[in-house]
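Participant: I'd like to ask some things about the structure below.
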Amino acid sequence: MKDKAYDITIIGGGPIGLFAAFYAGLRGVTVKIIESLSELGGQPAILYPEKMIYDIPAYPSLTGAELTENLIKQLSRFEDRTTICLKEEVLTFDKVKGGFSIRTNKAEHFSKAIIIACGNGAFAPRTLGLESEENFADHNLFYNVHQLDQFAGQKVVICGGGDSAVDWALALEDIAESVTVVHRRDAFRAHEHSVELLKASTVNLLTPYVPKALKGIGNLAEKLVIQKVKEDEVLELELDSLIVSFGFSTSNKNLKNWNLDYKRSSITVSPLFQTSQEGIFAIGDAAAYKGKVDLIATGFGEAPTAVNQAINYIYPDRDNRVVHSTSLID
């Protein structure tokens, strides 16, 4: 059965893709979002759901989870004209009569126009690289923190020395029974002020040590074996939960198959966010142009222009004058 052709398909369900979908709904067109992850929200939802964000207009501060929740709630107004496809990776798209054929790892989709809002691409956590690590993952070994309360009263070990590792350690200090940070260097890569707070806290710091083995029963890790760098000293740390904060690697590996002009991992666009292929637009971190500032707020501003240009492309004979939302929603 042939999939119906949507007006606009948005590749990427992060903050910019979600707002673009909302604005497209506001303009009265049908929208499909294709997201490679198992949930919407992109990096704010997955990587820093409980960290504060300070550069979203009209919000003095809010967490990544709150930002995602607000965007999904905003989009729900147009759920009757919005379709969401999760855990689908866009492999290729081709120009066909009436629009584009979009092939993913699961299906073939059809769209009259495309807006690419996939950020820097798919991302995956950098792991410890230890045997049996995968067995414990998502049970009591975590690569990102969704809820701080889940660690209440626990012995928590954090591996890493960057901003995320230090921030989580400080955030968990008053929640967990104990917090231990293991880092391979004596110096931390985090912001100086955060490091000062860490050193003045009750968090246990073990440097320079590297993880060597995990011990546990079933799917639960019980001990992390660490070794001092360039020495034979070995320690076994008892734990209830282990947080691995080595960062994430990103990849736009399929970009080369999309037949678009790009630089590094971003797509070259015009001032109207048109890519090198007519009918395909790019916004957010996926888009590259002179003077680009990679902020969520920037992407929010790019979304309406891209949506309006997509509508002009699809319906060139329609009266496409932009109307303020106060005139469209009661």
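Using N, Cα and C of the backbone, Cβ positions are placed for all residues, glycine too.
As annotated in Swiss-Prot:
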- Glu35, Gln43, Tyr48, Val90, Phe123, Asp285, Thr326: FAD binding site (BINDING)
Participant: Determine the most Cβ-crowded residue among the binding-site residues Gln43, Thr326, using a 10 Å radius around each Cβ and all protein chains in the structure.
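Facilitator: Answer by Cβ density within 10 Å: Gln43.
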Participant: Of all the binding-site residues given, Tyr48, Phe123, which residue's CB has the most CB neighbours within 10 A?
Facilitator: Tyr48
Participant: Please list, in sequence order, the residues in the chain of Asp285 (FAD binding site) that are at least six apart in sequence and whose C-beta is under 8 Å away from its C-beta.
Facilitator: Ile16, Gly119, Asn120, Ser266, Asp294, Gly299
Participant: If H, G and I count as helix, E and B as strand, and all else as coil, what does DSSP give for Gln43 (FAD binding site)?
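Facilitator: Going by the DSSP assignment, Gln43 (FAD binding site) falls within a helical segment, counted as helix.
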Participant: Looking only at Cβ atoms, how many others are within 10 Å of the one on Val90 (FAD binding site)?
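Facilitator: Summing over all protein chains shown, Val90 (FAD binding site) has 24 other Cβ atoms within 10 Å.
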